[in-house]
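K.L.:
Here it is, the structure in full.
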Amino acid sequence: MRRETPQRLADYGPLFFPAMMLIVFFVVPFATMIAVSFFQRQQGGFYVPAFELSNYQRFLSLFFANVLGFSLMLAIAVAICCVVLAIPFTYLLTRMARKVQIIWLVALLSVLSLSEVIIGFAWSTLFSRTAGITNLLVMAGLMSEAKALLPSFGAVLTGMVYQAFPYTVLVLYPALVRLDPTLTEAARTLGASPIKAFFTVVVPALRNTITATLIMVFIFALGSYLLPQLLGRPQHWTLSVLITDQAIYQSNMPFAAAMAVFLVLVTLGLVALTVIAGRKGEAA
Amino acid sequence: MTSALSKVYFFLIGLFMALPMIVVAGVSVNAKQTLAFPPKGFSLSWYGEIFLNPEWRNALLASLTLAILSAALAVAIALPLAWFLWRRIAPWANIFQLLGVAPFTLPPVITALGLLTFWATTGFYGQPWTAVVSHAIFFVTLPLVTLSLGFTAIDRSLVEAAATMGADDKTIFRTVVLPLILPYIVSGYAFAFVLSLNEYIVAYMTVGFIMETLPIKIFNALRYGYTPTMASVTILFVVTAAVIFSLVARFGDLPKLLGAMSSDDT
């Protein structure tokens, strides 16, 4: 059957239920959130309709600038770490036997599907004094006494790289698996070492994929709402943590909504900037 | 890259991925209620605790119910949409594809907060079914992506043959399309199910004050006092995810689902 344009109204029938669900339960809530961001907060966690800019004015503070700066810096650091680790890994993975690939993919998917609560719990155990990795080092005689490695920036970064690494591999996988193997073969025939062939042929051929992956991992890392809280100090809190905190523990929905709107704008803005920069780079 | 070097690299990545789970598995078999590794003594009682302790059992049941229902609803939203986009030429309908992918692409806190304000405004806040709808919308992306992939894999001449023989749309869907798309329905359901089981923030913001799912229970236990049951539940989750994804790989083509070409081409 060829694809046809819908002719009768009934042809649109299948679209009705999905369209209704997505509009009512995604578009409307999104709009509600934008509306609430202008509302006025009342004592006791309630809010009343109003048109206030005060929720947004709170962004113009040094505290908020620091949180935003730290969130962006952390997400960029996570994205770079993950992409640097994942490119050689995914490249080698796609060159392996299909059965081996499946085992790795199942393992990566299992880690990826883990809740942030679980990842946070697992790493806080691993970095703890009583049950942590330092106990193994003590057993091996490398350290004299076990100690806690958290809360610290290193712990936050490690936890977030752990969370985002499987995602990075799965984003890179389709592009790398379709990469023409004759490219590297040609480089090898001409005398390049495998490592040189990888850096001079594979990496340049994937420039656009790498940029796209960096953006996707960056957005993914921006969304991390628990790990900075569980593994770091208050100065390591990100915008996502702050939104959760305001919405749930401070019961300040209008401010939380304003920050969420801001987070969407920052995310979309950075994506747009990178896409524009990428186009210019190609044209040059 | 030389093969010895790549083996070392894979070993290190594997260790990085497995290490937290090894330590948590170790903690989960402690004999007493201590957070210790290497474990002191050996006991599987913390696994029994998940099913015997009414609080943990209720959380497990709540999580399972939520995941079963919300994954089904996600598939029910994604299937007609993916079918319509494949069957009809309607460029403007692609906006719904975009809407279906958005909740999963944006930072989760945004979707969660949007749904929280929505349920609070409409007055349904705290009803258990709102969590089902919320998860279905949040995870609709997964069946939508697998189903779109599945539809592009269907040979249109098969469908054309059925149409020439006089079958109408309904008959074609039931006898030709559905059997071909079934593996993708199952894998889309499986992805949504596993992720719903693990999801914390959307569940917490919609029904967190009324009921506890397992991730919420773990988080509360993390805040208010440690128990090794958290570790045993974590291991249960990892094993469940691994079993489900292995089944998807066993009965479907996992590399293809994740974007590789089918095994016949390679």
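Using N, Cα and C of the backbone, Cβ positions are placed for all residues, glycine too.
Bear in mind that the values here come from a model prediction, so they are computed numbers and not experimental data.
According to TrEMBL, the record shows the following:
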DOMAIN    A:68-274  domain 'ABC transmembrane type-1'
TRANSMEM  A:12-39  transmembrane segment
TRANSMEM  A:59-90  transmembrane segment
TRANSMEM  A:102-128  transmembrane segment
TRANSMEM  A:148-176  transmembrane segment
TRANSMEM  A:197-227  transmembrane segment
TRANSMEM  A:255-278  transmembrane segment
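Tell me what's around each of these sites.
P.N.:
If one looks beyond the transmembrane segment (A:59-90) by at least 6 residues along the same chain, the residues whose Cβ comes under 8 Å of a Cβ in the stretch are 156-157, 160-161, 164-165, 167-169, 172-173, 176, 198, 203, 206, 210, 213-215, 217-219, 221-222, 228, 235-240, 242, 258-259, 262, 266.
Here the transmembrane segment (A:148-176) has Cβ contacts under 8 Å with residues 74, 77-79, 81-83, 85-87, 89-91, 93-94, 105, 108-109, 111-112, 114, 116, 119-120, 123-124, 127-129, 132-134, 206, 209, 212-213, 216-217, 220-221, 224, 227-228, 230-233, 236 of the same chain, all six or more residues outside its ends.
Within its own chain, the transmembrane segment (A:197-227) has Cβ neighbours under 8 Å at 71-72, 74-76, 78-80, 82-83, 86-88, 91, 116-117, 119-120, 123, 156, 159-160, 163-164, 167-168, 171-172, 175-176, 179, 183-184, 186-188, 238-241, 243-244, 263, 267, 270-271, 274, 278, 282, counting only residues six or more beyond its boundaries.
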K.L.:
Short question: which residues 6 or more past the ends of the transmembrane segment (A:255-278) have a Cβ under 8 Å from it?
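P.N.:
Residues 33-34, 36-39, 41, 55-56, 58-59, 68, 72, 208, 211, 214-215, 218-219, 222, 239-240, 242-244, 246-247 contact the transmembrane segment (A:255-278) from elsewhere in the chain.
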